[in-house]
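According to Swiss-Prot, the protein has these features:
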ACT_SITE  ASP247  active site, proton acceptor
BINDING   GLN84, HIS85  substrate binding site
SITE      ASP6  site 'Important for activity'
Amino acid sequence: MYIGIDCGTQGTKAIVLDSVQKKVIGVGYAKHELITQSNGRREQQPNWWIEALQQALQIALKQAKNSPHFSPNLVKGIGISGQQHGLVMLDKNDRPLYKAKLWCDTETATENDILIEKLGGQTAVFEKLGIICQTGYTASKLSWFRQNYPDKFANIRKIMLPHDYLNYWLTGKFCTEFGDASGSGYFDVVKREWKREVFKYLAPELNMDEVLPKLLSAEQKIGVIKPEIATLFGFNENVIVSTGGGDNMMGAIGTGNIREGIATMSLGTSGTLYAYTQKPLLNLPPMIANFCSSNNGWLPLVCVMNITSSNKQLMNLLNIDIEELNQLAQQAPIGANGITILPFFNGERVPPLPNTKASILGLDSSNFTRENLCRAMMESATFTLRYGLDLFRQAGLKTSQIRLIGGGAKSSFWRQMIADVMNSEVVCLQEEEAAALGGAIQAMWANGEGELEFLCETFIHLDENSKAYPNLSQVKNYQNAYERYLTHLSQLY
């Protein structure tokens with residue numbers, strides 16, 4: 001038995017994977033609150049994640065007990081997936097010094113611009129790190145905290161990412177792995193080491209060797225759970241914890257995206273598109289994040305900020321649910337009778353427009369209908385990901401199949417839209433919780449249950465009924481709408 005945990009923005013999910021029956025036998029979920037302000041602030045209390053982990057895991061364990069083969073004492077390992085980039089800072093007593101600023105926080109855009117300038121510009125940053133620092137990365141959050149809370153900053157004793165914090169709670173071990181570390185903005189993704197020069201600029205008062213976690217490779221286990229954790233859940237004290245990783249890295253493992261030629265597209269609050277490579281790509285467009293993977297390779301990735309979150313904006317406005325959104329959108333033609341939406345309700349990362357606002361364009365008295373607005377909103381979210389796929393194609397990253405995860409992937413209408421807009425085959429997985437599944441599989445790998453390729457082939461299964469193929473006539477119509485979207489976008493970037 002293995003446990004997978006996914007600590008996301010909206011909540012924490014837990015699964016129990018039966019490695020003998022080769023299926024998930026328990027699932028649990030607990031919601032997170034989110035602190036927001038109009039200036040781009042997006043924060044959470046780190047202890048909320050611990051509370052949610054406990055709640056979600058207890059639900060999953062209770063469900064798993066319906067299986068005649070299950071006992072908590074049979075659990076062998078745990079793997080943690082966590083939202084990337086969040087800044088967790090602990091004092092000498094291991095208490096958080098401040099709320100965790102999240103990946104979607106754009107309050108630190110100015111600090112990020114200053115950081116890039118001080119380091120010599122984007123080209124110089126890329127030469128130092130193998131990646132361009134974006135506003136959502138951890139580095140600018142650290143700079144912001146130093147400027148706004150200098151007294152508290154001096155008391156920092158540990159700096160962590162969200163999944164590191166949960167690993168620390170489970171094991172007491174202060175460490176991280178290359179995948180999540182590569183989204184910090186002070187990590188060299190090519191050499192796979194902390195970048196002393198960059199960290200010294202961000203935190204000259206702090207000793208990098210003391211406050212940053214030890215780096216481990218992905219197949220290592222970081223240790224076993226603490227005795228009190230074993231008691232809390234009824235586990236034995238030999239349960240191992242794998243290195244875990246960022247949610248995108250764990251999503252890659254959980255979708256079998258561990259070899260070249262496959263792309264994973266996540267349709268969640270934000271949207272991500274990523275593909276595995278065996279070597280770091282040094283000729284990528286700056287908007288592609290050249291992350292490390294959590295299986296000791298690399299994971300070029302594009303992140304856009306407004307996917308299901310933009311749909312929810314319209315759903316709240318029209319007082320409709322997701323089924324009604326889909327139904328209304330299907331009643332409008334491709335292109336929404338000329339309406340284009342730039343859905344940047346939370347700013348945007350790709351292209352880098354952290355302070356921009358959303359726009360609805362092309363309205364007139366004849367096309368201003370609920371149906372057209374619903375269609376335009378879903379199309380616009382899809383177009384933001386198509387923009388990312390175009391960057392992949394320009395960089396020579398070839399994919400034969402896109403594997404969809406996230407809540408948006410449940411819509412057959414949206415899946416077909418994505419297939420048409422991307423002009424690519426798309427498919428979902430039988431197990432919906434890909435990041436949590438990736439965590440459980442990584443824990444099996446770390447515990448010597450087999451090579452990762454074998455484990456992915458054994459435990460990951462495509463949902464053949466979900467496959468969608470591009471409809472050539474619709475591909476052309478969507479291309480026309482996408483080109484109109486690009487024309488409007490060019491006024492901003």
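Yeah, the Cβs are placed from backbone N, Cα and C, and that goes for glycine too.
Annotated features, which come from Swiss-Prot, shown on the structure.
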residue	record	DSSP (3 states)
ASP6	site 'Important for activity'	strand
GLN84	substrate binding site	coil
ASP247	active site, proton acceptor	helix
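Sequence-distant contacts (6 or more apart, same chain, Cβ under 8 Å) of GLN84 (substrate binding site) comprise TRP103, LEU161, PRO162, ASP180, GLY183, GLY246, ASP247, ASN248. Sequence-distant contacts of HIS85 (substrate binding site), defined by Cβ-Cβ distance under 8 angstroms and a gap of at least six in the same chain, are LEU102, TRP103, GLY136, TYR137, THR138, LYS141, LEU161, GLY183, SER184. Around the Cβ of ASP6 (site 'Important for activity'), 30 further Cβ atoms fall within 10 Å across all displayed protein chains. Other Cβ atoms within 10 Å of the Cβ of ASP247 (active site, proton acceptor), summed over all protein chains shown, number 30.
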